[in-house]
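**Student:** Structure below; questions to follow.
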Amino acid sequence: IRNFMMNQTKVMGFVLIGFSDFPELRIPLFVFFFLIYLVTLTGNVLLMTLIRLHCHLHIPMYFFLSILSFSETCYTFAIIPKMLVNLITEEKSISFTGCAVQMCFFIGFGGTNCLLLTAMGYDRCVAICKPLHYRVLMNGRVCSQLVAFATVTGFTLSLIDTYFIFTLPFCGEKEINHFFCDMGPVIQAACTENNGIEIVIFIFCIVVVFGSFLLILLSYVLIFNTILKIPSTEGKRKAFSTCASHLTVVVVHFGCASIIYLRPKSTYSLEEDTLISVTYTVVTPLLNPVVYSLRNKDVRLALRKGLGRKLCT
């Protein structure tokens with residue numbers, strides 16, 4: 001805590017210079033990102049509302065989906081509003097405390113999303129591999145415990161990472177070659193190199209990103225093994241269709257995260273990282289309501305019925 005307070009006296013804030021190389025595109029980028037953000041918020045809020053109001057959506061799969069939508073909404077709120085303000089104003093600074101808070105929430109919700117996707121993979125695994133025991137294995141208590149574990153784990157690791165990063169020495173107003181306070185760019189803005197911090201960050205990424213992906217991969221190995229044993233082609237198609245949207249989101253989410261956080265330091269390119277970061281901070285949250293949910297026949301049915309009909313009491 002003492003080091004954290006000392007840093008605040010040395011550096012009052014940072015300057016986010018992401019997108020500075022494209023001054024002529026600031027307004028088009030603002031309009032583009034603003035529209036995507038509106039669609040993302042609308043889609044996620046609509047999805048959460050439908051799941052809450054319609055009884056036939058009160059099953060584990062949609063419970064996890066509603067929590068993921070809420071987490072994604074908070075995740076984008078931590079990044080995109082500040083990015084939009086920076087695109088249309090000359091003032092691109094962020095305070096030392098504001099940067100720390102933004103990073104904490106970004107890492108926390110990002111880690112939570114990884115673990116929620118893992119829980120959703122486990123849910124699909126149980127539904128397909130153990131259909132007769134599904135209601136027992138995925139009861140309300142188990143689902144709530146999985147969500148609590150994902151949230152507590154994500155934010156515990158986030159607090160640890162943020163604390164270690166912001167105890168580094170920062171001198172004067174520092175430029176961050178990014179559009180938000182991500183881990184790598186902030187570490188590079190420090191006055192000194194600290195390999196110990198990078199090891200902590202790498203461990204976090206291994207635990208959350210790679211660990212979650214391995215568990216999802218294991219779930220799908222079991223799922224595909226079960227699907228191959230289904231005698232009818234129609235049965236195989238229906239079983240696989242329940243997983244296709246989840247797989248799409250998993251590939252995009254973990255693919256981008258791996259490119260950014262699990263590659264050697266020697267291959268870092270902050271310009272390329274900025275473009276990739278746009279994908280997982282702006283595009284991926286949009287995929288959840290569009291690809292994963294709104295293509296689902298149960299959600300489409302709820303939309304057709306309307307929010308005012310056959311609601312839960």
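One-based numbering along the chain as shown.
Each residue, glycine too, has its Cβ placed from N, Cα and C.
Just so it is clear, the model here is predicted, and its values are computed rather than measured.
Here's the feature list from TrEMBL:
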{"type": "DOMAIN", "residues": "43-292", "note": "domain 'G-protein coupled receptors family 1 profile'"}
{"type": "TRANSMEM", "residues": "27-47", "note": "transmembrane segment"}
{"type": "TRANSMEM", "residues": "59-80", "note": "transmembrane segment"}
{"type": "TRANSMEM", "residues": "100-122", "note": "transmembrane segment"}
{"type": "TRANSMEM", "residues": "142-166", "note": "transmembrane segment"}
{"type": "TRANSMEM", "residues": "199-227", "note": "transmembrane segment"}
{"type": "TRANSMEM", "residues": "239-262", "note": "transmembrane segment"}
{"type": "TRANSMEM", "residues": "274-294", "note": "transmembrane segment"}
**Student:** Is the transmembrane segment (59-80) in contact with the transmembrane segment (239-262), using at least 3 Cβ pairs under 8 Å (sequence separation of 6 or more) as the test?
**Tutor:** no
**Student:** Give residue numbers and ranges for long-range contacts of the transmembrane segment (100-122): same chain, 6 or more residues beyond its ends, CB-CB under 8 A.
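**Tutor:** 61, 64-65, 67-68, 71-72, 74-75, 78-79, 82, 94, 143, 146-147, 149-151, 153-155, 157-159, 161-162, 165-166, 180-183, 186, 204, 208-209, 212, 215-216, 219-220, 246, 249-250, 253-254, 257.
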**Student:** What same-chain residues lie close to the transmembrane segment (274-294): Cβ under 8 Å, and 6 or more beyond its ends?
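**Tutor:** Non-local partners: 18-19, 33, 36-37, 39-40, 43-44, 46-47, 65, 68-69, 72-73, 75-76, 79-80, 177-180, 182, 245-246, 248-249, 252-253, 256-257, 259-260, 300, 303.
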**Student:** Grab the pLDDT values for the domain 'G-protein coupled receptors family 1 profile' (43-292) and give me their mean, rounded.
**Tutor:** 85
